[in-house]
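Copied from TrEMBL, the annotated features are:
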{"type": "TRANSMEM", "residues": "A:12-32", "note": "transmembrane segment"}
{"type": "TRANSMEM", "residues": "A:66-92", "note": "transmembrane segment"}
{"type": "DOMAIN", "residues": "A:66-270", "note": "domain 'ABC transmembrane type-1'"}
{"type": "TRANSMEM", "residues": "A:104-124", "note": "transmembrane segment"}
{"type": "TRANSMEM", "residues": "A:150-174", "note": "transmembrane segment"}
{"type": "TRANSMEM", "residues": "A:251-270", "note": "transmembrane segment"}
{"type": "TRANSMEM", "residues": "A:301-326", "note": "transmembrane segment"}
{"type": "TRANSMEM", "residues": "A:360-382", "note": "transmembrane segment"}
{"type": "DOMAIN", "residues": "A:360-559", "note": "domain 'ABC transmembrane type-1'"}
{"type": "TRANSMEM", "residues": "A:394-418", "note": "transmembrane segment"}
{"type": "TRANSMEM", "residues": "A:430-451", "note": "transmembrane segment"}
{"type": "TRANSMEM", "residues": "A:480-500", "note": "transmembrane segment"}
{"type": "TRANSMEM", "residues": "A:539-560", "note": "transmembrane segment"}
Amino acid sequence: MQIQNKYKLKNKLYIFAIGIVLSWACIAFLIYPNINLLITTFFQDGGFTLEPFEKLMSSERAMRSLWNSFILAVALVITVNLVGLFLVFIMGYFEIKGMKFLRFGYYSTLIYGGIVLVAGYQFIYGDVGIITNLLLSIFPNMNPNWFEGFWAVLFVMTFSSTSNYVIFLLNALLKVDYQTIEAARNMGATNFQIIRKVILPVLKPTIFALTILQFIGGLGAFAAPQIVGGEFKTITPMILTFSGIVSSRDLAALLAIFLGLASMILLAIMTKVESKGNYMSVSKVKTNLVKQQINNRFANIIVHMMAYVLFVLYTLPVVLIFLFSFTDSKAITTGKLTWDSFTLENYMTVFTDASAYQPFLVSIIYSALTAVIVVGLILYIARLIQKYNNKWTAMLEYILHIPWMLPSVLLAMGLIITYSVPNTMMFHKVLTGTLGILLIGYIIVQLPFVLRMLKASFYSIDTSLEEAAKNLGASNLRTFFKVLLPIILPSALALVALTFNSTLDEYNLSMFLSHPFYQPLGITIQNSTSPESLQDTRALTFVYTVLLMVISSIVLYLVYGRGTKAGK
Amino acid sequence: MKKSWLLIVVLVFSLVLTACGGKQESSQGAGKDKSLVVYTNSASDGRGDWLKEKAAEQGFDIKIVEAGGGDIRNKLIAEKANPIADVVYGLNEMNYIALKNEDVLEPFTPVWANEVEEGTSDSEGYYHSLVKQAILLIYNSDLYTQETTASDWPELWENKAFHGLYEVPTNLGGDTTRTVIASILVRYQDPNGKLGISDKGWKEIKKFFDNGTPATEATPFYANLANGTTPFGQMFSSGIQQREQEYGVKAGIVSPEIGVPYVTEQIAVVKGTKKKEGAEEFINWFGSAKVQAEWAKAFNSMPTNLEAAKSANPEVKTLHESVKKQDMDWEFITENIDAWIEKITLEIQ
Amino acid sequence: MIEFKNIQIKFDDFTAIHNLNLEIKEGEFFTLLGPSGCGKTTTLRSLVGFIKPTNGDILVNGERINDIPVERREIGMVFQSYALFPTMNVYENIAFGLQVKKYKKDEVDKQVREIASKVDLNEEQLFKKVSDLSGGQQQRVAIARALVLKPKILVLDEPLSNLDAKLRKQLRVELKKLQSQFGITSIYVTHDQEEALTMSDRIAVFNKGNIEQVGTPKEIFDQSKTEFVCNFIGDNNFLQPSFLQRIKNECNVAIDPTTTAYIRPGKVTTKVLDATQYDVVVEGEIVEKEYHGISSKVTYEIGNQRIANMEMEDHSNDYEVGSRKKIAFQIADILTY
Ligand SMILES: Nc1ncnc2c1ncn2[C@@H]1O[C@H](COP(=O)(O)OP(=O)(O)O)[C@@H](O)[C@H]1O
Ligand SMILES: [Mg+2]
């Protein structure tokens, strides 16, 4: 009896301590700074005013940008689903010649993203780009600035978002029980009917979740509209502009709230649909998917052609960036190559000049720390949520979604405004000007995505495994590390890789929070793509981009490449 | 097998960490008082390296942090409680007024304070002027002559022949851009107007944006000036020479009757610095007539230090003599510029 | 009705089926039996059309079907996992094939309900999620789904293998009942010999891609053609050469002591009323008794030869371990290879 009480007390103390620490962290990093920001912006002169609201409502441009953001989000949902589904089916379902090789192309946007990717596309399709030059030599009268505006933004964003989409959907596709497909064929269903009636319904929940993520991504689009948008303006660049003007921050905050509300509504829908738990697989023994031949010759040719065209579209930027990273700045600005253009100088500079390679090291360290900490933390929290399914953990989950509802610029501003002066919440430690604040920022923005993904993996574990371990006398800790973690590990590692890669070239947070001495790569790259930059820094950008791709590829290989091999 | 690569990751990680840690130490170790952090918007085109090198000869170990004027200002304000910078130079007076109001600056009178043009520094000694800069409307002189060019900003939108031929800024955060906008708006100062500007003024600035070609992230203005896409646009005076060489195009300078806006770039000590003495010593050195003269020669600037101004490059001197200074109410501008930019962003651009 | 002629099936350079020749008659319940990995599924799938034989012909009603696509073969299939569509309810699952064939809506409805009542699925179950059904109900849905298309042939690939023992026995009966009710030619795949023996009209025993024996359950059991079949099906007593030598000498039977010989437990009797009726009568000592409820497995030792026998627990066999008894069998029941 006494022993039991002792355990009970110990357990209670532990939960109490965890509760305190988590509450503090949630309030200090996720709630208080944002509320503080809202208060300081909306109650500037002592009283609350609706003035910023009126300003925005009467601003044609702000309303148009908002409208554009929504249009972009909707369009993106359509294009990403079309391209993404096509890719998923040719990668996982149909027999396509050369797919082993093609799929690397389709995954290429996993190894670079954000500003780097858009700059790469701009470099190829922009007014002095290779493709533009090529097209101009055929159609001399065409507009060299053809790659600008809505369609350009949509094009770039479609390609940059599909790789992620494909990863998750392909995973879902591979979980389809092949016997159901054969059963349908046996009953006379055509390929098309099988896809529509048997496979798509199974994929539907995943498609739905990914669609909502796309929508939120489209709403918050930054790099693409900024660089190739031209007249097509969206909301996030505007938020960025206003957040740079102290007196206009209320507008930035308000615009962000618009976006936040939209995201919140969508997330609520998503959670609702998810909780309905669409269906449960009934297969106890599942057979693996076997690739299908497309029987119609004509369709087969068309599909192959589309597959290869997409491959070219995906790989062209990568190949050209790689190529041009070895050329002098003249070749880069004019987009014209000669044999003399090639040089190793750019690489020499990056590897020998400390100021050139430092951003790289800084970004790698920050990203690695972010990835490991976020995934580690969320592993713990997701487990907590799964184990103690009560109103506190439900609240914790909602709070951890806050970063999805606010643009990162706003999160950064909240941190700055709140912790640029000694604050009790942070034990009077000033965070601005420290190295830690950027890490905190990076971690915060990654929380929701990692949480969603890890939670899903935890819930997919057969509960009897845990019970079996406990029954055999394993402690909680042991059960977690020896039984649960090994099952979760592939997902966790994949998330480490994705988090790492997406943090590498982060710009928005970095701009606000980075320590001036240790500027991460995103800043360096953005600076060198700005029109004022001297030309040789543009060449360096290409080297950075190539190196980024190499690192990201290595990370992905370590996680996925080996994973698939082990799977076979 | 699985553990082996984890091990590699950890190894690489710790290696990188120690490498960086090592560097950090060495940069902090040298010359305690004279290692300074300098924030500026004016380190491009080789200015930063030049300054580092020359300062090193005097025993200073300078670390330069460069960003746009507005960003530097916001950064300094954000870091107020825990400042990293010791010295800030190069921003224009508008920014320094804001910094002073935010209590970011430390008053200090450099030894050369009396040598500079009167009225260009802060009367309370919070900041002191280094160089003056004319913010110009320039044109491609291969395509236009003194006779055929627009004679002032308004002509660009009043005369249909120039529509679409001048670049208008898309990012309104830069100091040069803000000065150009201010120089147009102050012509329509009206105490009863919106934000102190008459309706006509707002109409004019709208026409300015409507009839110009927006700047793109992709191509620098000078490239467009050279290839004739937009042969007109804004430029700060000290940037002209170097770009002329780089792009091989000679810029013509428009000299409107009303004059051109002049901004003065300042220097100041950041409040809360732990190296106050070093910072002051640096300012005494950098603002001195001798150094400013060298700086002027190297970077085509126009010092406000009267002694140094004499050794400015002849072309620069001629340039500055050829244009008249526009009379602008800077207090009024500083007070309103942010609101103007906001209004333009929301309603006009 | 169905004929496999010289069928060879290769996966790359691995030959799963070597040279298969088999004939299945109209209305027959035919079972492919064999250990896991011997090629049963492969054979079945080649009939359904998921696999193309690398050699040989498959004939249905005398017509070669090698090149006819799956959906035109009119062969219904019940999968091992049932392969019910998890996103559809029971009704939709059954209706799927009819909809694919573009039947009219009311026709679909009529047929679905008709087949559902035949397999004992009621109205309420029809609109349940398939994941809410029990294993047995799922199986009936799978069968209904296959039968609603009125196939000429029904094939079932280990449909009972992932059910518990009791349910398996129960469903065995139901399945057989359904089959005879519909009278449809059925091919049934299993690795469970008991299942095969109880349900089938005829059985083909597979081993490593070859057929070892085709026959009725009784033929397969009583006259196992090969040592493999003999061992794979039912219990066995291996008869040692020394024992064979002994009975040859003592009982004066014509047997070659060097052959491999077995005798099945059921073929031995201990109730020897008239010793002259049996070819072999020897005395043994009871060394082990394994109680099975209705019967017991009693092991006798004759010298160094052990022979097990199944004996009813009807009090006619209440002997203790250690007692001695006469045991007898016929020479014709010895299986020699
Ligand atoms: N698609 C395939 N590719 C290669 N080998 C296969 C394939 N399908 C089956 N096999 C092999 O053929 C043999 C027979 O398999 P199968 O017919 O499934 O056996 P079972 O009798 O258990 O149903 C096995 O050795 C199996 O490994
Ligand atoms: Mg099988």
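Yeah, the Cβs are placed from backbone N, Cα and C, and that goes for glycine too.
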Below 8 Å between Cβ atoms, which of the listed ranges A:251-270, A:360-382, A:480-500, A:539-560 makes the most pairs with the transmembrane segment (A:301-326)? A:539-560
May I ask you to check whether the transmembrane segment (A:430-451) and the transmembrane segment (A:360-382) make contact, with contact taken as at least three Cβ pairs under 8 Å and only pairs 6 or more apart in sequence counted? yes
Would you kindly check A:104-124, A:251-270, A:394-418, A:480-500 and say which stretch has the most C-beta pairs under 8 angstroms to the transmembrane segment (A:539-560)? A:104-124
Which residues of the chain, 6 or more past the ends of the transmembrane segment (A:104-124), have a CB below 8 A from one of its CBs? 87, 91, 130-131, 147, 155-156, 159-164, 166-167, 223-224, 226-228, 310-312, 314-318, 320-321, 324, 332, 335, 498, 501-502, 505-507, 522, 525-526, 529, 541, 544-545, 548-549, 552-553, 556
Long-range Cβ neighbours of the transmembrane segment (A:150-174) (under 8 Å; 6 or more residues past either end): 68, 71-72, 75-76, 79-81, 83-85, 87-89, 91-93, 106-110, 113, 117-118, 121, 125, 199, 202-203, 206-207, 210, 214, 217-218, 221, 224-225, 228-230, 232, 234, 288-289, 313-314, 498
Distant-in-sequence neighbours of the transmembrane segment (A:394-418), which means Cβ under 8 A and at least six residues beyond its ends: 22, 26, 29-34, 36-37, 40, 216, 220, 236, 239-240, 243, 249, 252-253, 256, 259-261, 263-264, 267, 381, 384-385, 425, 431-432, 437, 440-441, 444-449, 451, 455, 508-509, 511-513
Sequence-distant contacts of the transmembrane segment (A:12-32), meaning Cβ under 8 Å and at least 6 residues beyond its ends, amount to 381, 384, 388, 392, 396, 399-400, 402-403, 415, 418, 425-426, 440, 444
